[in-house]
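Student: Pulled the feature table from TrEMBL, pasting it below:
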| type | residues | note |
| --- | --- | --- |
| BINDING | B:HIS2 | Ni(2+) binding site |
| BINDING | B:CYS73, B:CYS76, B:CYS89, B:CYS91 | Zn(2+) binding site |
Amino acid sequence: MSTPSIPKSNRMPVGAVQCDNTTLNLLKANDFVAKAIRDRLPEVLVINVCSSPGSGKTTLMQETARRLSDKLNMAVLVGDPETDRDAVRMKEVGINALQIVTGGMCHIEAQMILQALDHIDLTGVDLLFIENVGNLVCPAAFDLGEDIRVTVLAATEGDDKPKKYPRMFLTSELMVVSKADLLPYVPFLVEAVTQDAREVNPTIEVMTISSLKGEGMDEWCDWLLAKVAEKKAKLATA
Amino acid sequence: MHEISIVRNVFETLQETYPDKFERITKVQIEAGLLSNIQPILIQNAFEALIVEEPALAEIELEVILLPIIAHCDACDRDFEVKRHKFVCGCGTPSKNIVQGEELQISRIEFLENQL
């Protein structure tokens, strides 16, 4: 192998050059698998839950399952770079959960979900949460075959996040401000974060909750029940 | 983000699409919308790292073009550039009707003509 000493762009090509203008999508493979997931789960509402690490996604899953246990059947696929700690936490409170260990990867790709579907029993499940790897950047680019994307933002993270991570908030239908019980103690204004998020995504819904104290949990659960009903109604008319 | 896997993906896609002409590729142009979170310099670094593994790719030039975010305003019926991630038209109407900015694609390939 010869090491080029001049920039490649300065080298003259040998012989005539032929050009091909094209549009080869580099996320094509992921989008193809995402569609396969949608086709496979026509009766299940799939929600992709994204956030930074430590925003309270797993605690929200636990509290949601507890409150909705007699109203619907829920399951969770949870992604982390390493360990099965989150799945263990959820199974401890009786949630049908499966850990996806991404092996260091910063996001879940559709292929991982498709493979995981073979290892979780979704018989009778109405609502499947995908708890994504804690990261507001990379997961935004990967369609996991979800119906809805929700971003959780903890009050402790600061109210200036939506513009810093625009694609995540742009592709989310709902922003959940979590750890609302800490709002009196941190410089975080729900109005400010709502304005920032709506400048990125004018149609984003905003909800303020505390999984531990219960604030906003009724609204969140009602929203979920309505979305599950909406999906079932769509299937019935299809 | 994950630039190494993107660069790998570029060459896998090219190998699949142009099995007969792949060896003659001299230049590849990638278009990345600002919303794709792609950093051109990191793509170049990832490409250099890939060349160490696959020396045959050393002769190929890789160019990354960043595309600004363009949205469509229904009120004015015109496109506007989204600056500083503010998805609001000059007329004050918010819009997330994105016309450009989410792309991550190979846009142009140059090959050497077949030499007889």
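Positions of Cβ are set from backbone N, Cα and C atoms, glycine also.
Describe the structural surroundings of these features, if you would.
Tutor: Using a 10 Å radius centred on the Cβ of B:HIS2 (Ni(2+) binding site) and all shown protein chains, the other Cβ atoms total 20. B:HIS2 (Ni(2+) binding site) carries neither a helix nor a strand DSSP state and counts as coil.
According to its DSSP assignment, B:CYS91 (Zn(2+) binding site) is coil.
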Student: In the structure shown, with every protein chain counted, which of the binding-site residues B:CYS73, B:CYS76, B:CYS91 has the densest set of Cβ atoms within 10 angstroms of its Cβ?
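Tutor: It comes out as B:CYS73.
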Student: Within 10 Å of the Cβ of B:CYS89 (Zn(2+) binding site), how many other Cβ atoms are there?
Tutor: 19
Student: Give me the Cα-Cα distance between B:CYS76 (Zn(2+) binding site) and B:HIS2 (Ni(2+) binding site), rounded to a whole Å.
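Tutor: Approximately 38 Å lies between the Cα of B:CYS76 (Zn(2+) binding site) and that of B:HIS2 (Ni(2+) binding site).
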Student: Checking B:CYS73, B:CYS76, B:CYS89, B:CYS91 - which of these binding-site residues have a CB within less than 8 A of a chain A CB?
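Tutor: From B:CYS73, B:CYS76, B:CYS89, B:CYS91, none lies near chain A.
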Student: Using the alpha carbons only, what distance in Å do you get between B:CYS91 (Zn(2+) binding site) and B:HIS2 (Ni(2+) binding site) once rounded?
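Tutor: Taking the Cα atoms only, B:CYS91 (Zn(2+) binding site) lies 37 Å from B:HIS2 (Ni(2+) binding site).
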